[in-house]
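As structure tokens, the structure follows; a few thoughts come after it.
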Amino acid sequence: MPPVLSPCRYRASSPLLMYRAFTFGLTFLLYTSFHLSRKPISIVKSELHKNCSALHELSTTGSRQLPRLHTETDCSWKPFDKSNYKQLLGAMDYSFLCAYAVGMYLSGIIGERLPIRLYLTFGMLMSGLFTCLFGLGRIYNIHNLSFYIFVQVANGLVQTTGWPSVVTCIGNWFGKGRRGLIMGIWNSHTSVGNILGSLIAGYWVSSNWGLSFIVPGLVIAAMGIVCFLFLIEHPNDLKSIHDKLTNSWKGVNGHNQLYHSYKQGGKSQNWDTELLLPVQQVVVVKSESEPSAISFMGALRIPGVIEFSLCLLFAKLVSYTFLFWLPLYITKAAHLDAKKAGELSTLFDVGGIVGGILAGVISDKLGKRATTCAVMLLLAAPTLYGFSMISEFGLGPTIGMLLVCGGLVNGPYALITTAVSADLGTHKSLKGNSRALSTVTAIIDGTGSVGAAIGPLLAGVLSSRGWNQVFYMLMAADFLIVDLKCVLMCVDLIE
């Protein structure tokens with residue numbers, strides 16, 4: 001519980017810095033657990049459908065001591081043991097991501113009107129439940145495709161509680177000053193979660209892939225309890241706690257709710273965004289009229305929301321295709337087992353951490369978010385083609401190209417989902433109404449999730465014609481983003 005704040009004298013520097021750092025770290029860990037629980041499906045794919053031809057040949061060479069093996073039933077996991085297994089696995093991804101995309105549009109609107117802490121806790125507990133259910137299918141020998149589709153759809157819906165909530169929370173605590181750098185570092189939780197999810201799932205994938213889901217499910221559920229106990233949604237919540245604990249302080253002129261603002265050099269600073277300045281205290285009375293939460297159509301009218309939403313659609317198409325299909329591609333191209341392929345795929349996320357931070361730093365210095373994204377994505381398209389070629393020439397070149405591709409693809413993706421969303425959610429056209437951030441974030445990420453659903457589905461269809469077709473699709477998506485970015489670059493120049 002935060003310490004009691006004196007109504008007569010408040011020193012802003014060290015306590016608020018501590019709470020900012022705490023909120024930064026806590027929200028980082030909370031969303032890390034979300035991505036940690038999404039990653040197992042991509043690691044387990046190669047275990048759900050194995051190449052049993054070698055074992056089949058061994059069983060038919062005349063060895064009387066070996067029982068006869070059937071390639072469609074003994075090695076792979078029903079119902080993914082048929083020749084159309086890629087389409088079935090793609091449908092698994094598609095069901096999760098479609099539910100996530102549809103639910104995201106509603107999630108922001110709901111989250112804007114409910115306490116973030118309770119909303120996020122509910123989502124994390126339910127996500128843990130459905131992630132564990134998928135793994136229990138292995139333990140209880142469930143081979144019904146409908147069961148796995150249902151679990152994926154339900155999990156996709158409840159996972160939409162995460163992103164609008166944590167972005168709103170972090171946006172409440174940090175102003176615009178160095179938002180690109182701060183959000184770039186903070187958004188590395190996506191890659192950290194993918195890395196941890198790959199390592200955890202890879203540890204059990206060959207022995208008991210059910211635990212590859214159950215362990216991450218338990219982790220996100222445990223983090224949901226941590227969220228309920230410790231998350232502080234807004235700096236003003238510290239003042240609310242103080243008011244409850246110090247009933248003797250009755251306010252000024254009959255008003256019980258007081259907010260602190262500060263003066264430095266004669267310029268008034270807002271409590272929400274300038275918390276760390278060593279300044280002179282002035283007590284002001286909070287306005288009785290609270291701004292209402294923005295409507296869906298009102299959020300769409302904010303300049304740049306539609307354009308950046310479409311950019312994220314194609315960016316997530318590329319990123320999520322890698323997220324769900326990269327380990328399987330590595331097993332086929334590099335002829336590695338599921339565990340080693342999962343470990344190698346984490347390098348894409350390592351590159352994404354560096355790319356996200358680099359994109360934030362550059363955009364802060366230039367003040368041009370769209371321009372930064374456009375340049376990185378322009379470089380990403382030929383790099384993707386290079387990866388499809390070089391990955392056949394050995395492990396060393398594959399490692400290098402994974403790092404470069406991860407940085408160039410995930411850098412712009414991270415910038416749009418964090419700093420850009422926070423900027424638009426506090427746009428000057430809102431005239432100080434801070435109750436738009438969750439809705440704007442949900443619209444941008446929801447539209448992006450449509451691309452996240454389309455990408456893995458197309459990858460499942462195109463990969464049957466050869467992996468080159470998948471990479472051509474990814475390069476086309478990158479070029480479409482660059483075209484949209486050219487429009488937004490004009491906005492950057494105007495502003």
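Cβ coordinates are placed from backbone N, Cα and C, and glycine is handled just like the others.
Keep in mind that this is a model prediction, so the values were computed, not measured.
According to TrEMBL, the feature transmembrane segment maps to residues 436-458, out of the candidate ranges 137-159, 436-458. For the transmembrane segment (305-326), same-chain residues at least 6 beyond its ends with a Cβ under 8 Å from one of its own Cβ atoms are 38-39, 41-42, 45, 93, 97, 194, 299, 345, 348, 370, 373, 377, 380, 384, 405-406, 409-410, 412-413, 416-417, 420-421, 424, 440, 443-452, 454-456, 458-460, 463, 470, 473-474, 477-478, 480-481, 484-485, 487-488, 491. Remote same-chain residues near the transmembrane segment (185-205) are listed as 24, 27-29, 31-40, 42-44, 47, 170, 211-213, 215-216, 219, 323, 327, 338-339, 342-343, 345-346, 349-350, 352-353, 356-357, 360, 406, 410, 414, 417-418 (criterion: CB distance under 8 Å, separation of at least six residues from the stretch ends). Taking pairs at least six residues apart, the transmembrane segment (116-136) and the transmembrane segment (370-387) share fewer than three Cβ pairs below 8 Å and do not count as touching. Within the chain carrying the transmembrane segment (88-110), a Cβ under 8 angstroms from the stretch's Cβ atoms is held by residues 38, 41, 45, 48-49, 79-80, 82, 119, 145, 148-149, 152-161, 163-164, 293, 296, 320, 324, 438-443, 445-447, 449-450, 452-453, 456-457, 459-461, all 6 or more beyond its ends. Taking Cβ pairs closer than 8 Å, the transmembrane segment (211-232) reaches residues 2, 19, 22-23, 26-27, 29-30, 33-34, 36-37, 39-40, 43-44, 116-118, 120-125, 127-136, 138, 169, 197, 200-205, 238 in its own chain, all 6 or more past its ends.
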